[in-house]
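Note sheet for the following structure.
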Ligand SMILES: Nc1ccn([C@H]2C[C@H](O)[C@@H](COP(=O)(O)OP(=O)(O)OP(=O)(O)O)O2)c(=O)n1
């Protein structure tokens with residue numbers, strides 16, 4: 001069951017669902033969602049001379065990204081074809097019996113701005129800011145202002161609480177994240193040394209040769 005505004009407010013009042021700061025309840029709480037605002041940090045992807053990024057190589061992933069801070073009152077210009085990571089200004093905590101989904105706002109979608117290219121699920125138990133996958137599918141640059149409402153979160157009540165919610169106990173890699181976080185897929189157990197699923201890196205696969 002997707003929560004309506006009154007249900008969302010009730011869960012926020014109970015305290016297990018957290019959206020912080022929620023400065024303007026009347027504007028941010030929508031009929032069946034809560035609008036979240038853009039934070040000031042962005043991760044941009046630079047052009048690189050290495051043949052490719054191996055997702056499991058944290059060094060390659062980290063070298064590929066560059067953090068930019070844009071204070072409220074300034075704009076981040078998202079150019080056509082750009083893909084950057086942004087963050088919500090709000091920190092959220094999702095209770096064990098709710099799954100939340102990050103959605104774009106129609107008003108930005110109409111300007112060809114997408115806020116989650118692929119991933120939009122916030123697990124039961126997740127706590128932290130939400131990394132936004134921002135892209136511009138149009139042909140005109142669009143100015144994004146930290147503090148503006150860019151995304152919305154919907155909440156679906158689960159039939160029963162998650163038995164093993166997202167969090168430290170299961171070693172969840174994005175738990176407690178602040179600001180946009182680059183991929184940590186290299187922490188996946190299948191990439192652990194000795195695992196059958198371990199992918200190769202440029203050091204051992206002769207990439208580029
Ligand atoms: N656009 C999004 C989507 C999700 N998340 C956060 C909340 C999720 O609970 C957490 C993990 O998301 P996924 O399960 O989609 O990602 P992975 O499967 O890659 O991570 P894990 O292996 O930790 O489950 O990341 C986020 O910050 N930004």
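Glycine is treated like the rest: Cβ placed from N, Cα and C.
What you are looking at is a predicted structure, and each value in this text was computed from that prediction instead of being measured.
In TrEMBL, the dCTP site is described by 105, 106, 107, 108, 109, 110, 123, 131, 132, 133, 166, 173, 177, and among 30, 152 the residue recorded at this site is 152. If you draw a 10 Å sphere around the CB of residue 173 (dCTP binding site), it holds 14 other CB atoms from the protein chains shown.
Candidate binding-site residues: 105, 107, 109, 152. Not one of them has a Cβ under 6 Å from ligand 1. Here residue 152 (dCTP binding site) comes close to 30, 33, 34, 35, 36, 102, 103, 104, 105: these same-chain residues lie at least six apart in sequence, with C-beta atoms under 8 angstroms from its C-beta.
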